[in-house]
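Database features (Swiss-Prot):
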type	residues	note
BINDING	17, 18, 19, 265, 308, 312, 409	ATP binding site
BINDING	17, 87, 88, 139, 243	sn-glycerol 3-phosphate binding site
BINDING	17, 21, 265, 308, 409, 413	ADP binding site
BINDING	87, 88, 139, 243, 244	glycerol binding site
């Protein structure tokens, strides 16, 4: 425990894919100050995405300084730092100099596809699923680490000698903030590397051998809520969680059956499954989240590819609306979608269908269909896809969905939130505080140092602004959802497979 009596603030560092942010919270979990700084995206080849790790550190440091200045605060008034980060993005740097040997390879980058194909040919797909909880994909850090060691001359030998260090963005920032004293990650970030056994909670030797990654470069793995070290100005760094897991904790989803949906371009759904690591039969990821004290708890994760992007399509390509905010007004002008379903499978279907050959379609068109019906069907598609994922999670886990906590831009749309409650038959809870990812990191740091005493105290801080209760008869709900399932079935396997062309 740290003396927090005269230190009344926690700073959360939210290191994202396109920007670094710093958010300062007071003891009542109110936002006191925020600062944000974007950084350059590098695309050296088609499908490749990189960041400059030094720029990430510089922007994150600048945001911290700016947030403090805006609130007229000094370092010695900050009780702790919590860090949340874009997951999977991979950095390797020199132990002595702290200089990266290559740019950070970002989670979206597909350059290590061939490495993953080879693992598939070697029959490792099931082992990876069973051990790491993940699907075999270039998304995760393991194949990115191998790619750097394969392509930077002499790096593997240097790694074996202990001259190099690997980390996801949390690890990199902590190394820099502590002046090279601490090489650590947390369980949530480790669980996204494809190198970590989520059952034994240790780095997996077989995966390290298969990818030829020397153990010497790996960070120590710790819980998401403890003091890892101190910044150069003496502030304890006391919380770490990957962005989606931080949002799950910030939403207080710490008991089995509690779930959150982040409505962004796509949707990220996580459901807490407690002490049970559930293997999904529907292509969900099994990942590590946080229990009530920041300890290990398991979660299922599923993604919807097209959420907010469907509304962007209505605005930018079809020109049916001028602003995404207009959708609520138009959807509310009609009593239903008039039998119209929009399946936004623009890039195929994600969980639980996993059909890259599906394509988008509008169904149920008649002469009576107006623009308002199509706009309404677009919003409804986001809620239907969310139900697809949550139904699969409930089947996988045997846990009944208690409620759905929501965050992200689209939660301001009252029509969408009400329809979400109706189609799930579960109440949807919208928090007053929209900064749930940063809040999760702040909560984890604050609990570690006694800034907040317990989860019960935090529950009082996590104020729910509005609860949307289902207002739809079960028979009608299931009829609507059956129509959606029929529409989805018609979009499946639309594109010819490559070998058929």
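Any Cβ shown, glycine's included, is placed from N, Cα and C.
Calculated from their C-alpha atoms, the gap between residue 312 (ATP binding site) and residue 413 (ADP binding site) amounts to 14 Å. The sn-glycerol 3-phosphate site in the record is lined by 17, 87, 88, 139, 243, and its two most distant CA atoms lie 15 Å apart. In sequence order, 14, 16, 84, 85, 86, 87, 437 make up the list of same-chain residues 6 or more apart from residue 243 (sn-glycerol 3-phosphate binding site) whose Cβ falls under 8 Å from its Cβ. Cα-Cα distance from residue 17 (ATP binding site) to residue 88 (sn-glycerol 3-phosphate binding site): 11 Å (rounded to the nearest whole number). Spatially, by CA atoms, the binding-site residues 18, 19, 139, 265, 308 include one closest to residue 413 (ADP binding site), and that is 308. Looking at residue 409 (ATP binding site) and residue 21 (ADP binding site), their Cα atoms lie 17 Å from each other.
In three-state terms derived from DSSP, residue 19 (ATP binding site) belongs to an extended strand segment. In this entry, glycerol is bound by 87, 88, 139, 243, 244, whose most widely separated C-alpha atoms sit 15 angstrom apart.
Just so you know, of the binding-site residues 18, 19, the Cβ with the fewest other Cβ atoms around it within 10 Å is the one at 18.
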